[in-house]
Amino acid sequence: MSLDLALDIQHATTCDWLPTDEQFALWVTNAIGNSMNEAELTIRIVDSRESQMLNSTYRGKDKPTNVLSFPFEAPPEIELPLLGDLVICAAVVENEAREQQKTLEAHWAHMVVHGCLHLLGYDHIEDEEAEEMESLETQLIEGLGFTDPYKEQ
């Protein structure tokens, strides 16, 4: 199945290294390609301040986070390919990659795949859900040529 993807990438911060639009598109397509034929999605790259504000507002956690997912839910009678928005904090991704001894590219890919799975309805609150989501993430990330993101370095 081929995915018709409309991807809007918004850069609200700068950092040493960011994925290209093509990399983002590849990772999104890999994560959601078998779930739908058509998808619209926004990825917004933000600084720590914006991430912290959004995380505090929507999750009640007053600190920046790596990725926030905002699924779009249309009324049942309206069919739209709008999947939702991902907000990714570049500084948090950089820090986590360094702490976890991963390449920036591998960790960015993981955050995009992780966020897309949330947009598709996956979650990791309950242990069983977390196992299912992490297993799928690992499969998708390894399919992109990266190592298991949950394997200890």
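Every residue gets a Cβ built from N, Cα and C, even glycine.
Per Swiss-Prot, the feature Zn(2+) binding site maps to H114, H118, H124.
Around the Cβ of H118 (Zn(2+) binding site), 18 further Cβ atoms fall within 10 Å across all displayed protein chains. Apart from the site residues H114, H118, H124, the chain places the Cβ of V67, S69, G115, L117, Y122, D123, M133, E137 no farther than 8 Å from the centroid of the site's Cβ atoms, the recorded Zn(2+) location. A C-beta separation below 8 Å, combined with a sequence spacing of at least six in one chain, links H114 (Zn(2+) binding site) to V67, E137. Following the DSSP three-state reduction, the secondary structure of H114 (Zn(2+) binding site) is helix.
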